[in-house]
Amino acid sequence: ETNSSHTRTLSFFLGGFPAWGTTQMWSAVPLCSTYLLALLGNLTVLSIIRAEQSLHTPMYLLLAMLAVADLGLSTSTFPTMLGTLWLEAREISFSTCLTQMFFIHSFTDIESAVILAMAFDRYVAICHPLRYSSILTNSVTTKICVAIVVRTTLVQLPLPILLTRLCFTRVSELSHPYCLHPDIIKHAGSDTRINSSYGLFVLLSTLALDLLFILLSYLLILKTILNFATWRECLKALNTCISHICAVLLFFIPMICLSMMHQFGKHVSPQAYVFTASLHFLAPPILNPIVYSVKTKPIRRRILRMLCQRG
């Protein structure tokens, strides 16, 4: 497990589901159901947006990008979660761990940036409704999506590269059934200051900055809404934001809790780590399609039409 140049473990042990004990085999059933539900929901949203020409607009293009990010996030975490739970295959090679870490963090950043772009969409729609079609064209939205992918790749690529210069002197057990950057560097046997500093920079320049601009967007939206003449107009404007507000809460609340645990929760139980991380990675992919299907009339109508035809 070592090479001649410097001591480095070639594998990690993934964290399990300590609270579930002997029921782990049966617990794989709800986990599989959860993943299949996420697949079904997001693929349905994508297929409806693709099929309906009337939905080829900025708002729905961003929703399609959100569905892709949700699919990527759940698919990045699910295989090792299922392997740990069902097959008890807890050992993961160093290179596989870094690859999984890169994709998990990349899809997390993409989802965060898409949620910010959707906040901008709501801001323009409510605060500058007459200029909406000229500001947010399909071309501009496509450029935003490309910029999101480029930003994510440039920011995330150094993380696994920097980890390869560290020494891991023993086979360590991670906190989660998948690989996360803050979790990996805790087990390094060499100086991690550069890794920690760059990890903090990535967090502040992506997720924290996105959240700040989302909050700013909603402050401006709220300021505009409060100037409306009637309460009915206020409620109508707010109603168009409910789906997006749900997406913001589903994504950022578990993420903030998980970040706080990694930074300050030295005595937090393994069960709390696993539950919070699972909520962060599994709740948005399942619930986002449901929320948007219920609250978005064209998607809801198309789903009802499909169900009626099958009936």
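Yeah, the Cβs are placed from backbone N, Cα and C, and that goes for glycine too.
All annotation found in TrEMBL is predicted automatically rather than curated by experts.
Residues or ranges marked as transmembrane segment in TrEMBL: 28-49, 61-82, 102-120, 132-150, 198-221, 241-261, 273-294. What TrEMBL lists as domain 'G-protein coupled receptors family 1 profile' is 41-292.
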- [ ] Could you tell me whether the transmembrane segment (132-150) and the transmembrane segment (198-221) have 3+ CB pairs under 8 A, leaving out pairs under 6 positions apart?
- [x] no
TODO: Report, as numbers and ranges, which residues of the same chain sit near the transmembrane segment (28-49): CB under 8 Å and 6 or more residues beyond its ends.
DONE: 55-56, 60-61, 63-64, 67-68, 70-71, 74, 78, 81-82, 85-86, 282, 285-286, 288-290, 292-293, 298-299, 302-303
Open item on the list: Within the same chain, where does the transmembrane segment (241-261) have neighbours whose Cβ lies under 8 angstroms from its own Cβ atoms, ignoring anything closer than 6 residues to its ends? I mean 6 or more beyond.
Closed with: 66, 108, 111-112, 115, 118-119, 122, 126, 182, 203, 207, 211, 214, 218, 221, 268, 272-273, 276-277, 279-280, 283-284, 287-288, 291-292, 295-296
- [ ] Would you mind giving the whole-number mean pLDDT across the domain 'G-protein coupled receptors family 1 profile' (41-292)?
- [x] 89
